[in-house]
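Participant: So Swiss-Prot lists these for the protein:
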| type | residues | note |
| --- | --- | --- |
| DOMAIN | 2-191 | domain 'Glutamine amidotransferase type-2' |
| BINDING | ARG49, LEU50, ALA51, VAL52, VAL53, ASN75, GLY76, GLU77, ASP97 | L-glutamine binding site |
| DOMAIN | 213-536 | domain 'Asparagine synthetase' |
| BINDING | LEU256, ILE288, SER363, GLY364 | ATP binding site |
| SITE | GLU365 | site 'Important for beta-aspartyl-AMP intermediate formation' |
| MOD_RES | LYS385 | N6-acetyllysine |
| MOD_RES | THR545 | phosphothreonine |
Amino acid sequence: MCGIWALFGSDDCLSVQCLSAMKIAHRGPDAFRFENVNGYTNCCFGFHRLAVVDQLFGMQPIRVKKYPYLWLCYNGEIYNHKKLQHHFEFEYQTKVDGEIILHLYDKGGIEQTVCMLDGVFAFILLDTANKKVFLGRDTYGVRPLFKAMTEDGFLAVCSEAKGLVNLKHSMTPFLKVEPFLPGHYEVLDLKPNGKVASVEMVKHHHCRDEPLHALYDGVEKLFPGFEIETVKSNLRILFDNAVKKRLMTDRRIGCLLSGGLDSSLVAATLLKQLKEAQVQYPLQTFAIGMEDSPDLLAARKVANHIGSEHHEVLFNSEEGIQVLDEVIFSLETYDITTVRASVGMYLISKYIRKNTDSVVIFSGEGSDELTQGYIYFHKAPSPEKAEEESERLLRELYLFDVLRADRTTAAHGLELRVPFLDHRFSSYYLSLPPDMRVPKNGIEKHLLRETFEDSNLIPKEILWRPKEAFSDGITSVKNSWFRILQDYIEHQVDDAAMASAAQKFPINTPKTKEGYYYRQIFENHYPGRADWLPHYWMPRWTNATDPSARTLTHYKAAAKA
């Protein structure tokens, strides 16, 4: 995890513009570099480094002697870089995984390059010989990327929007900033004056398609067919490999552990892989909650079962409320469920950075979208409709769960790794018949649970534990985080404000006082940027007016039991 920033065709003093690059310093606490592009006085790169691989020669922009005309600034991890290096016999100058991008580009161009990358990435590649600029982002947008471009060809790119909003440009007093679409790359012409012109935007990978790099990843051969035992075996192989490839780091590895199915499977598989790799330190797992939190109890059971060095972080309602402003600033969104769920993750990331030496943190993000884990999937009218909804959620991950996971950890200089969003694992899961993936017997993620039924990876009671939303599970069933927030915000936003909400906030007008409160904070930090969020996250096929899972029938029944 790092922070990347670049300008092309700036008409303002670069030393002044560079101040904006410091807005993302949290993403790379180990080092910073600002570098002008030779021959283009109005083009530059900024890079904040979190040293995870090749601590000696890993600074960016990456430049190697063989390609003096190529400049690369990227944020990500390319897990198959060594396999590709050996297969194509590339001569590396560094040990940095991102160097593979330069070699692949020289060999086969930009399209082949992005299709070959197994990992998560956001990059800016400059080719001064052919006068081209390329931008690219991974399939699910696990690594963030924002851009701003004016009609006269000024281009600004950054890992987070906050690094662009204060940039100055003579032609545009208000610079439009927007997220770069996941799963795409863009080709731009570089003009002699340093300005650019967009040539094409290309989708390089759909989540359902088996990626091109599968030809080179070395995973043992999968069994053909959709018999249940065959499918379960293939899923175990792919998930095991998804975790194993993500061990690539020179820093200590830890794991978030909520005690839910997803994080528990990740933690248990991770610990097994660390032992096989003969890593000499114990795996640290981390859980957060208030007193009587069901997550804390469940996480403790999993940690005892797998034998991790477990850390429990307690917080109270006041501490959670106090960080709402910081959280919304970090997130760059006012989406209600994203803000709620981010408080716990923000606080536990802060604890990890301050109290441990774990830097690379594994987590279970992406599973709910991929495996139809949300409670409302029980209401899907058909397996085909459930499949459509699952793919929609995956396409929008970069706006919600992936955004939350990246910003809350990056705010504290941590790097997050998400095995459930592995290309091979996710594309195989999505290739399965729709009726195999839906909830069964009143239990969501039935296929995933059944896959690990006989593995003894995690306790049976955890394997079959019902879905618990992170923002709800960190508090007690009787007094959820949802209810705590409502009680507090009721006194912060009056009825008169709600009555005029549509006039004040015409885009995504808040319908609740909680939504209004978050929107006010967002507008204080990012005025006029409401269009970053196309719509609020809400469950489908239900008349719920709030995204909290606790408001759904499934939970109301559980609370009374």
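Placement of Cβ uses the backbone N, Cα and C atoms for every residue, glycine included.
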Participant: Could you tally the C-beta atoms, other than its own, that fall within 10 angstroms of the C-beta of LEU256 (ATP binding site)?
Facilitator: 27
Participant: For the C-alpha pair, I'd like the distance in angstrom between LEU256 (ATP binding site) and GLU365 (site 'Important for beta-aspartyl-AMP intermediate formation'), rounded off.
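Facilitator: Rounded to the nearest whole number, the Cα-Cα distance is 10 Å.
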Participant: For a quick check of packing: other C-beta atoms within 10 Å of the C-beta of SER363 (ATP binding site), how many?
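Facilitator: Cβ-Cβ neighbours of SER363 (ATP binding site) within 10 Å number 25.
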Participant: Just checking a number: largest C-alpha distance across ARG49, LEU50, ALA51, VAL52, VAL53, ASN75, GLY76, GLU77, ASP97 for the L-glutamine site, rounded to a whole Å.
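Facilitator: So the maximum pairwise Cα distance among the L-glutamine binders is 14 Å.
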Participant: Rounded to a whole angstrom, what is the largest C-alpha distance between any two of the residues LEU256, ILE288, SER363, GLY364 that the record assigns to ATP?
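Facilitator: Between the outermost Cα atoms of LEU256, ILE288, SER363, GLY364, the distance is 15 Å.
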Participant: What is the set of residues, excluding ARG49, LEU50, ALA51, VAL52, VAL53, ASN75, GLY76, GLU77, ASP97, whose C-beta falls within 8 angstroms of the centroid of the C-beta atoms at the L-glutamine site?
Facilitator: MET1, CYS2, GLY58, VAL96, GLY98, GLU415
Participant: In Å, rounded, how far does the Cα of ASP97 (L-glutamine binding site) sit from the Cα of ILE288 (ATP binding site)?
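Facilitator: With distance taken Cα to Cα, ILE288 (ATP binding site) is 33 Å from ASP97 (L-glutamine binding site).
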Participant: Taking the Cα of SER363 (ATP binding site) as the centre, which of the recorded positions listed as ARG49, ALA51, VAL53, GLY76, LYS385, THR545 lie within 10 Å of it?
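Facilitator: Cα within 10 Å of SER363 (ATP binding site): none.
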Participant: Which of the recorded positions ILE288, GLY364, THR545 has its Cα closest in space to the Cα of ALA51 (L-glutamine binding site)?
Facilitator: GLY364
Participant: Would you list, in sequence order, the recorded positions among ILE288, GLY364, GLU365, LYS385, THR545 whose CA lies within 10 Å of the CA of ARG49 (L-glutamine binding site)?
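Facilitator: Matched recorded positions: none.
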Participant: Just to confirm: which same-chain residues, 6+ apart in sequence, have a Cβ under 8 Å from the Cβ of ILE288 (ATP binding site)?
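Facilitator: Same-chain residues close to ILE288 (ATP binding site) (Cβ under 8 Å, separated by 6 or more) are ASP295, LEU296, GLU312, VAL313, LEU314, PHE315, GLY344, MET345, LEU347, ILE348, TYR351, ILE474.
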Participant: If I take every residue in the domain 'Glutamine amidotransferase type-2' (2-191) and average their pLDDT values, what number comes out?
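Facilitator: It averages 94.
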Participant: Between the binding-site residues VAL53, GLY76, GLY364, which lies closest to the residue listed as 'N6-acetyllysine', Cα to Cα?
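Facilitator: Out of the listed candidates, the nearest Cα belongs to GLY364.
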Participant: Taking only the recorded positions VAL53, GLY76, THR545, which one has a CA atom nearest to the CA atom of GLY364 (ATP binding site)?
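Facilitator: Out of the listed candidates, the nearest Cα belongs to GLY76.
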